[in-house]
Amino acid sequence: ERESLVLVFAMAARKRGAKSPQTILQQQQQDTSSSLATPPLPSPSSEDPLIKPSKLPQILSVSAIFFSGFFYLLFYHYEIEPELKRSIVINFFLSVFGYFLTILLIPVATKYLLRRNLFGYDINKKGTPQGSIKVPESLGIVVGIVFLVLAILFQCCNFTSDSKWLVQYNAALASICFMTLLGFVDDVLDVPWRVKVLLPAIATLPLLMAYAGGTTIIIPKPLIHFVGLTKLDLGRIYYLYMGLLAVFCTNSINIHAGLNGLEAGQTAVIAFAVLIHNIMQIATSSDTEFQQSHAFSIYLVQPLLTTTLALLSFNWYPSSVFVGDTYTYFAGMALAVVGVLGHFSETLMIFFAPQILNFLASIPQLFGFIPCPRHRLPRLDPQTGLLTGTKDGTLVNIFLRCFGQCSEKSLCLRLLAFQALCCIICFILRYMLTGWYK
């Protein structure tokens, strides 16, 4: 009877598909390996929340006021050659197209960046509900790509194949593209700051190799008596100067940061000033070569400005995206390029006065004389929502120590107002020193 019962249970187990011990062991190994495998990333869906440009109306209002004044100078106040006007207007409409294209692409890019874990937390909101929100980072990659596409399209509309500016134009785009790539690499790999200093020098090589302008500087009139020359040819030293200028512009924007809207805001203010300076220089000179160099600057600054304003619509307080080192490197290199090829590097350095002050205040920490934390940011009081300055050597903390506690938005507005004031002082100095200095 016992043997018959065993036989019956064995036949029932076979019918139910019972597995041998070896088969069970193989199945367990397969389950373990499949559980350790990385699951595929989900694809974007319409259910993902869209990030909206909350400050779009304010940005459009400020932009309309500025460009109204710019076109007043271009069409009415100054007499400028019709051909130059035509090129500037074509470039402007391409730049406006880039503005709206950037507005459309940023929400799309944020989905992919979040899926690749390229996000950060707003340290200036630590201890508040907003401080625990994942904010997509490295959105400067969108601005850089749109800028390069616009610049290439304008090249097709404006430059002929035998244009002497074409080589320098392509070299400028190569340097900006190279710097954008290196900035994105920095965002992904978190490169040490000592290496960051060298990145702009590498990205400047295409521009330096293609530079065909002069290497002569004009000696200021008060110094001619002591130097004995009216002009001085620097030769190879001028190339070193251009490389150092690119290194400074790129890194100075990168370290003068830490507030919502500060990186994009300071770039927009400087770009506004550069546009006004260029149009004034074109109108007050009869030298065709001189006019073309400043027009060249306008062709690059207008798309930089419009794409930056689009990014600022998302990055202004409270920021829904972070610009990342991709943007700061891209913006710094773009401004350095227009300063070099537009031959107004001295004026550009006055526009960069806040960045120079921030760099000088940062030297003790950057060079290791005193401890340098990873984030040299002010402290937030979660109860009051106000920022307090620390002992770190940054312009952000210096403003808080000098003027007292304030909110992040107010602090950013103060710093941007100081940036604009420095640009206004630059125009006043140029007007007062014309004919005496040079």
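Our numbering is plain: 1 for the first residue shown, then up by one each step along the chain.
Just so you know, glycine gets a Cβ as well, placed from its N, Cα and C.
A quick note: this is a predicted structure, and the numbers were derived from the prediction, not measured.
If you look up TrEMBL, you'll see 26-38 marked as compositional bias 'Low complexity'.
The feature region 'Disordered' is assigned by TrEMBL to 14-49.
For 59-78 (among others), the entry in TrEMBL reads transmembrane segment.
Nonlocal intrachain contacts for the transmembrane segment (90-114), taken as residues 6+ away from its ends with a CB within less than 8 angstroms of a stretch CB, comprise 44, 48, 50-53, 56, 67, 134, 136-139, 141-143, 146-147, 149-150, 153-154, 157-158, 298-299, 302-303, 305-307, 309-311, 313-314, 321. Summarising the annotation, TrEMBL assigns transmembrane segment to 90-114 (among others).
Among the features that TrEMBL reports, transmembrane segment is placed at 135-154 (among others).
If you look up TrEMBL, you'll see 166-185 (among others) marked as transmembrane segment.
Per TrEMBL, the feature transmembrane segment maps to 197-218 (among others).
Sequence annotations record features per position, and here TrEMBL assigns transmembrane segment to 238-255 (among others).
Residues annotated as transmembrane segment in TrEMBL: 267-284 (among others).
Tertiary neighbourhood of the transmembrane segment (296-314): same-chain residues 51, 53-56, 59, 63, 87-88, 91-92, 94-96, 98-100, 102-103, 106, 139-140, 142-143, 146-147, 150-151, 154, 158, 165, 168-169, 172, 261, 264-265, 267-268, 271-272, 274-275, 278-279, 320-321, 323, 327, 331, 334-335, 337-339, 341-342, 344, selected by CB-CB distance under 8 Å and a gap of 6+ residues from either end. Positions annotated as transmembrane segment by TrEMBL: 296-314 (among others).
Residues annotated as transmembrane segment in TrEMBL: 326-344 (among others).
Per TrEMBL, transmembrane segment is recorded for 350-370 (among others).
Beyond the transmembrane segment (411-433), the same-chain residues lying 6 or more positions past its ends with a Cβ under 8 Å from any Cβ of the stretch are 259-262, 265-266, 269-270, 272-273, 276-277, 317, 347, 350-351, 353-354, 378, 387, 395-396, 399-400, 403. Taken from TrEMBL, the feature transmembrane segment covers 411-433 (among others).
Within its own chain, the transmembrane segment (238-255) has Cβ neighbours under 8 Å at 175, 179, 196-197, 199-201, 203-204, 207-208, 211, 215, 217, 263, 266-267, 325, 328-329, 331-333, 335-337, 339-340, 345, 348, 352, 355-356, 358-359, 362, 366, 394, counting only residues six or more beyond its boundaries. Most Cβ pairs under 8 A with the transmembrane segment (326-344) among the ranges 59-78, 166-185, 197-218 are made by 166-185.
Where the transmembrane segment (267-284) meets the stretches 59-78, 135-154, 166-185, 197-218, 350-370, the count of C-beta pairs under 8 angstroms peaks at 59-78.
Remote same-chain partners of the transmembrane segment (59-78), defined as residues 6 or more beyond its termini with a Cβ less than 8 Å from a stretch Cβ, comprise 53, 85, 88, 92, 272, 275-276, 279-280, 282-283, 306, 309-310, 312-313, 316.
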